[in-house]
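Student: Quick one: the structure is below, and I'll ask about it shortly.
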Amino acid sequence: MAGLSSSQIPDGEFTAVVYRLIRDSRYSEAVQLLSAELQGSPRSRAGLSLLAYCYYRLQEFELAAECYEQLSQMHPELEQYRLYQAQALYKACLYPEATRVAFLLDNPTYQTRVLRLQAAIKYSEGDLPGARSLVEQLLSGEGAEDSGGENDYDGQINLGCLLYKEGHYEAACSKFLAALQASGYQPDISYNLALAYYSSRQYAPALKHIADIIERGIRQHPELGVGMTTEGIDVRSVGNTIVLHQTALVEAFNLKAAIEYQLRNYEAAQEALTDMPPRAEEELDPVTLHNQALMNMDAKPTEGFEKLQFLLQQNPFPPETFGNLLLLYCKYEYFDLAADVLAENAHLTYKFLTPYLYDFLDAMITCQTAPEEAFIKLDGLAGMLTEQLRRLTIQVQDARHSRDDESAKKAVNDYDETLEKYIPVLMAQAKIYWNLENYPMVEKIFRKSVEFCNDHDVWKLNVAHVLFMQENKYKEAIGFYEPIVKKNYDNILSVSAIVLANLCVSYIMTSQNEEAEELMRKIEKEEEQLSYDDPDKKIYHLCIVNLVIGTLYCAKGNYDFGISRVIKSLEPYHKKLGTDTWYYAKRCFLSLLENMSKHTIMLRDSVIQECVQFLEHCELYGRSIPAIIEQPLEEERMHTGKNTVTYESRKLRALIYEIIGWNM
């Protein structure tokens, strides 16, 4: 029936055809027919009513509200149209307009429904006292003419939502559990419960309820194509149907992604997003779009920024969008853009940024022009947070001493949250001195924070780095690198390649060559196993370890051994040559060429020939490999022909020929 026009429908069959389309959930086609029919009969009550219904089912809430507004003007005696208009306006997030229309309803028949709607509006606007007052009216049975008062599980849900917004997550869980027991399984209530568990950092029960939602969704609605995209199966969009909304699958997968992301299981987080029912990008809801931007930021930063900037123009957008966009601008050092967004959106600053986050961003932006002033701002923030951490430490001790498990649990959660705020402030302070290469001062900053951070992986990793960079503290660096590596020894490729490389160098510099060789054998064995399982996968860990060791020998002046190590580390080229590995290799070659041009070193002809052959291989295999990863929002892009390993390897080869006087 696709493309059917009014003229093709036999006389007397129009209504039956429209109802069949609605029955089959083919609302878009019904809208086409009804819109055409209403051009001839614009005051048709039946036509407008059906059109409004179809728009509502298509989630075109503003258009539905317009239809209901026309109906309420044509038939002011039928107050249900005004109620439907208010509901559609609420769904369209037009809260002031929805409130205005709802206040016009004074029919006792609709009083309970109006109270529910007004409570929902106030809740969405963030007016929690106003929402609570209306919910309590409903629970007391006021305005109960049409439904006998708020039924038990509806009341529990409403109270649970209010408690959740107020930050009382445990109490919210109790309400949602009570509602679930009273109503039987409901996907939306299960999702609310999972969300409350997530917010109270109880990830295991949250994941249990998410798994339940997903399992039931797959079993009851196989047509929604859950997991198809992850499996690489090309499937068409399932659209934003009412059925999809009722399953709560989209919400469940987004929450699963958030939990995995918090647990640093980044691949699992990305998989959760691709597992959800397939939809076209223009059909994605704001939360999914926001999560896609965050999860894929490392691989597709330009797209990520575009999505977050787009969301900021929408009404509504996920409340985390504003802060995350600003933090990412700072991470990628777009401080001017962060400052512009803050200045242009002062009204969002007070609504979506906590005082802590605002002060942190302000200090980060100040770093660009006034690092000393920024350090003072960060120091003030750090002082406030350390006071909170000390106070919470005492609370934890007191609660444990009095065997108050509930208070102890809450204090521990609060401590962890405060520590997660403190670490970025500390790292921002350290980075100011790191950029000045004042490594002793960085070490001093870290030592001041040992009281709170000695068990934190990020802190331990950065302490290791700063000890390593001082070149006379390799033994101390080993003390911090080793636990990180041993913690993940059975899955050693999950450890950053630079951590493994720095540990190997530290072993070599402290004459622990056997330990270095053992670690490299372990990495090689893991890489061989991974290559066996996935022959096409590029793995760079051992390559980068060898490159860093080669760089070390070059830095010590032993270019014969160092350059040979660098060259061998990139074999086979089709698997080992990449942007990161080329970066390490070319640094050694540039250092070599600089010293050759100054005549401070002499190389054997065989080594020079080896260098030329290496660069020829890089030229051959590096045609599609970027020499550098450009900043995502760079206005002036490099010439695509110049930003390749091939181009840079030719340049280096030409320099070799020039220095040794060979004719090209």
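Note: Cβ is positioned from N, Cα and C throughout, glycine not excepted.
Annotation source Swiss-Prot lists coiled coil at 507-534, citing sequence analysis. Here Swiss-Prot flags 11-44 as repeat 'TPR 1'. What Swiss-Prot lists as repeat 'TPR 2' is 45-78. Residues or ranges marked as repeat 'TPR 3' in Swiss-Prot: 153-186. If you look up Swiss-Prot, you'll see 188-220 marked as repeat 'TPR 4'. As annotated by Swiss-Prot, repeat 'TPR 5' applies to 385-418. According to Swiss-Prot, the feature repeat 'TPR 6' maps to 423-456. According to Swiss-Prot, the feature repeat 'TPR 7' maps to 458-491. The repeat 'TPR 8' annotation in Swiss-Prot covers 543-576.
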Student: Which bits of the chain, at least 6 residues beyond where the repeat 'TPR 5' (385-418) starts or stops, bring a Cβ under 8 A of a Cβ in it?
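Tutor: Sequence-distant neighbours of the repeat 'TPR 5' (385-418): 200-201, 425, 449, 452.
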Student: Could you tell me what the rest of the chain brings near the coiled coil (507-534), counting residues at least six beyond its ends with Cβ under 8 Å?
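Tutor: Answer is 474-475, 478, 485, 489, 491-493, 500, 541-542, 545-546, 549, 552, 575.
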Student: The repeat 'TPR 7' (458-491): mean pLDDT?
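Tutor: Value for the repeat 'TPR 7' (458-491), mean pLDDT as a whole number: 94.
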Student: Quick test of the contact rule: Cβ under 8 Å, at least six residues beyond the ends. What residues does that give for the repeat 'TPR 4' (188-220)?
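Tutor: 153, 157, 160-161, 164, 169-170, 172-173, 176-177, 179-180, 226-227, 246-249, 251-253, 255-256, 258-259, 262-263, 275, 413, 416.
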